[in-house]
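Colleague: From TrEMBL, for reference:
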SIGNAL    1-26  signal peptide
DOMAIN    31-88  domain 'Chitin-binding type-2'
DOMAIN    90-147  domain 'Chitin-binding type-2'
DOMAIN    164-221  domain 'Chitin-binding type-2'
DOMAIN    234-290  domain 'Chitin-binding type-2'
DOMAIN    291-347  domain 'Chitin-binding type-2'
REGION    358-381  region 'Disordered'
Amino acid sequence: MMGRGQGSMLAGLLLLLCACTAPAAANLNMSALCLTVPDGMFVSSQMDCSSYYHCQGATASLMSCSNGQYFNKDTQTCVASSQSTCASKSHPCLGKTVGSFQPDSSSCGGYWYCGDSGAIYGSCPTGENFNPTTMACVYAYQYACSQSVVDSSSGASPGVEVALNLCSLIENGFYFGSASDCSGWNYCQDNVLHSGTCQNGLVFNVNGKSCGYRSPSSCAQVTNDPSLTGAVAPTTCTTSGTMKNATACNQYYLCTGSSYTLMTCGSGLYFDTVSQTCVARMQARNDCDRCLGSTKSFVNAYSSSGCNQYLYCVNGAQKAVETCPDNYYFNEDAGSCVYETEPAFKCCNPDGLSGQPATTAAKTTTTATTTTTTATTKTPA
Ligand SMILES: *[C@@H]1O[C@H](CO)[C@@H](O)[C@H](O)[C@H]1NC(C)=O
Ligand SMILES: *[C@@H]1O[C@H](CO)[C@@H](O)[C@H](O)[C@H]1NC(C)=O
C-alpha cells in the first residue's frame with residue numbers, strides 16, 4: 001500500500017517514542033454478550049489474551065489461562081500464545097512475531113503493527129476494514145466486520161459508531177443471537193460476521209442455536225445494550241440551531257427543525273466545539289479524527305499530552321501516533337516538530353496550558369528547528 005524503508009535514524013527515534021495509544025473504544029458489556037451465545041460457551045476477552053469468559057445466561061465469569069498461554073476462541077481452549085489469534089488491548093503484540101499485524105477487536109478498521117520497538121496502532125483507510133484472517137485492509141464489502149458499521153461521514157446516522165468486531169471474540173462456525181432483534185441471528189465464518197433473520201414469525205433460540213417458536217424464555221438476548229448494537233446518539237433534536245460535533249473535523253451537525261443535518265465547514269476550516277463555529281484548523285478544539293479528510297501526512301494530535309504528539313496519516317486515515325523530542329512541539333502548518341517555548345495551538349492545547357515543562361539540558365543541545373522525516377510505519381498489504 002505504501003513504500004517502506006524510507007525512514008531515517010531520526011524517524012526511528014520518533015517511533016521509539018511512539019505513545020502507541022489506540023482510539024478509545026466502548027467497553028463491552030460481557031453480560032449482554034453472553035446472553036447472545038449458548039450456555040457453557042467461552043468467549044474471548046477484549047482486554048487480555050490470557051483471559052476469557054465462561055457464559056451462563058447473563059453471567060460472564062472471568063477465567064485465566066495458565067503458564068503464559070492464550071485463549072483460542074475457535075478451539076475453546078488455552079493454547080501456546082504463538083498459535084493464538086487473540087489481540088490483547090493492553091499488550092497487542094505479546095507473544096507475536098515482529099513484523100506481524102494484529103487486529104484491534106474494538107474497531108473494524110483498526111490494527112496493530114508489531115514492530116521492533118513495540119506495538120504501533122494503525123487504521124485502514126476510510127471505507128476499508130482490517131481482515132484478521134488475511135491481515136490486510138480490504139473494502140468493507142469484502143469483510144463486513146460488524147453489523148453496526150455506519151459511515152458517519154455520510155450523515156445517515158449522527159453519533160453511530162463502529163462498536164466492535166464480534167467475530168474477534170466469538171467462535172467461528174455456529175449461530176448466535178442478536179442483542180437488538182429477537183428473530184435475528186449471527187454467524188462467524190473465517191472471522192467474518194454474517195447476519196440474518198428467522199422467517200415465518202419464528203424467533204432465534206440461543207441455546208438451540210436455531211429458529212423456533214417463541215417461548216416464555218425467548219428473547220432474553222435482546223438487551224439493546226449500546227456496546228453491542230453500536231451506541232446511538234439521539235438523531236432527533238429539539239432546539240433549532242443547536243450544533244454537535246461530527247467524526248470529521250470539518251463537519252458538524254446542525255439542528256434544523258427536529259433533526260440533525262450534517263454540515264461542512266468552508267475549505268481549510270474545522271469545527272470548534274467551544275465557539276461552535278468553523279475556525280482555522282490549528283485553532284479548532286475538537287476531539288475529532290484529524291486525519292479524516294486531510295491530505296497532510298502529519299497532523300497534530302488532539303490534546304493527549306500537549307502539542308508534542310502528532311498523527312501520521314496516509315490517504316486520510318490514521319496510521320500511527322508519534323511524539324516529538326523533548327521541547328519540540330508539532331506544528332501542523334509547518335508539517336514538522338518545531339522548537340517552541342509554549343505552543344499556542346488550541347487544537348492540541350485546548351486548556352491553554354504548556355504541553356510539557358522544558359528541560360534545560362535539551363535546550364542547550366538542540367538547535368535544529370525541524371525534525372520530522374518520512375515515516376517508517378508499515379501498513380498491511
Ligand atoms: C450489561 O448488560 C446487562 C444485561 O443486559 C444489564 O443488566 C446491565 O445493566 C448492563 N451493565 C451495564 C454496566 O450497562
Ligand atoms: C465530540 O464527539 C465525540 C463523540 O460524540 C465525543 O466523544 C467528543 O468528546 C466530542 N467533543 C469534543 C470536544 O470533541
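Positions of Cβ are set from backbone N, Cα and C atoms, glycine also.
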Colleague: For the domain 'Chitin-binding type-2' (291-347), provide the mean pLDDT of the predicted model.
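Modeller: Within the domain 'Chitin-binding type-2' (291-347), the model's average pLDDT equals 83.
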Colleague: Counting by DSSP, what is the helix, strand and coil composition of the domain 'Chitin-binding type-2' (291-347)?
Modeller: 0 helix, 24 strand, 33 coil
